[in-house]
């Protein structure tokens, strides 16, 4: 059964059909990439899946359940985590605290328990901290734990954002241009990291411009152009697809 | 981490030291203003969590203070004798929430006890905050400021227009509030020291609770809302709910401050509900450095104390306006950062180059 299934998904902004009748599915445990020229509707597609936007038509099924139109926090709670194209750190919080927020769904202390520091909330707090440190370590930025997240380098902030998303223990991870702004070495590193995350059992859907990365790590590729799906297949198929070549290179 | 709250110990020492010094130097009258400042600061640290940590402004917090103060004043002074056959009054009576007595003319009086009045007042503020917060916290920035300002104006005009709340005279003759046997919030000369410790005890307790909150799951969630609402949503924080909860929490702090200060002063007047009071609270949180509970507490006590001592004279409100302008221009990070500024600059590059050297 497909983990995620998009059916005739559409999103219209006034006169602009940003996503038009897009449908594809994502099997458990694969890395799938969504590519396409600027303005093809890739980020809009992500916002539809994560609940930041509601689709104007079509359906999104996650583990067989319809999720379109749910609030983003509910979709996150179902096990869909995401990163952002332009990194969104929680300013004023350390890298560790940023990742600890990612444990929100996996913990439950409310306002009163938090204020009174009940024994249960303390135990939970210890577990949250341990898990967050473990994730920072997994991403190789454990020594940045106590530094304010917004003062870290770009690459480190990407890693913190990734750790924060993983803290959710997602079944599906949406990565919006994980290699944007990184040099070729950092990009290769991100590629290895994504493969390692997949090996943990997390299914990955990514939007990416860097073709070397996409061809390197993804098992399946969907190509969007002007909001419509123009191709879907294995990397080798996509590379030789005349329609895709036309879109990318012109006639 | 376990002993984080030990940081409150030096403050406790200062509190005791001030009292001992005031008593020893025969200047115990300072304790009156320090007691009042502590209650105002209780509101201010609550507002600090809302503004500084959750990033949601309120220009109407004097309204919640007034709901607390006015309701407890009215309930403990306005006789219910005329309504004693009403079901609600009977229920209150049966629950032991009413006390009978005589007024100064010897007429029988039936009023709500301070404890019951306090609970009713604080709960009312919480419910009002909830009903107000659900729609207005969808707004951001200026729009939220304007909506809460509107709320503040409504409360101000209600207390000014309603005879139940004493119109322009406010309510006086509010009895003392016996928290525990032998521990009473009142303005009597003989219990000045006792009241000083009650007020600071309540403030310390409030500080402890809020510090716990800030460094916990719920606190991190509301700080995350301030950082990036989309990212907070994306990790599963119900941002709308957390904003409303924080708003209610800060309203409860404000209302409780209103209740206690009203019993201490023996009354309350419409100026406590005024817009300038709300502006003043916002200014003090800004002076303290926004996301800085200690800054809010220290500035809350210092500036309210100076104001209550009459240092700013008739220009009181003008001074707070000026402070707000100066802080925004010269120390947007709060006055504590201004004084430490030089020190920071000297320490920072060292720490940074050390890190680079290591990596």
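Quick reminder: no glycine exception, Cβ is built from N, Cα and C everywhere.
Features reported for this protein in TrEMBL:
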- B:38-55: transmembrane segment (TRANSMEM)
- B:62-83: transmembrane segment (TRANSMEM)
- B:114-137: transmembrane segment (TRANSMEM)
- B:144-165: transmembrane segment (TRANSMEM)
- B:196-214: transmembrane segment (TRANSMEM)
- B:244-261: transmembrane segment (TRANSMEM)
- B:281-306: transmembrane segment (TRANSMEM)
- B:318-338: transmembrane segment (TRANSMEM)
Annotated stretches the transmembrane segment (B:196-214) and the transmembrane segment (B:144-165) touching (3 or more Cβ pairs under 8 Å): no
Same-chain residues near the transmembrane segment (B:144-165), Cβ under 8 Å, at least 6 residues beyond its ends: 56-63, 66-67, 70, 74, 78, 132, 136-137, 171, 270, 273-275, 278
Cβ-based contact of the transmembrane segment (B:281-306) with the transmembrane segment (B:114-137), 3 or more pairs under 8 Å: no
Residues from the same chain, set at least six apart from the ends of the transmembrane segment (B:318-338), whose C-beta lies under 8 A from its own: 276, 279-280, 282-284, 286-290, 292, 294-295, 298-299, 303, 307, 312, 344
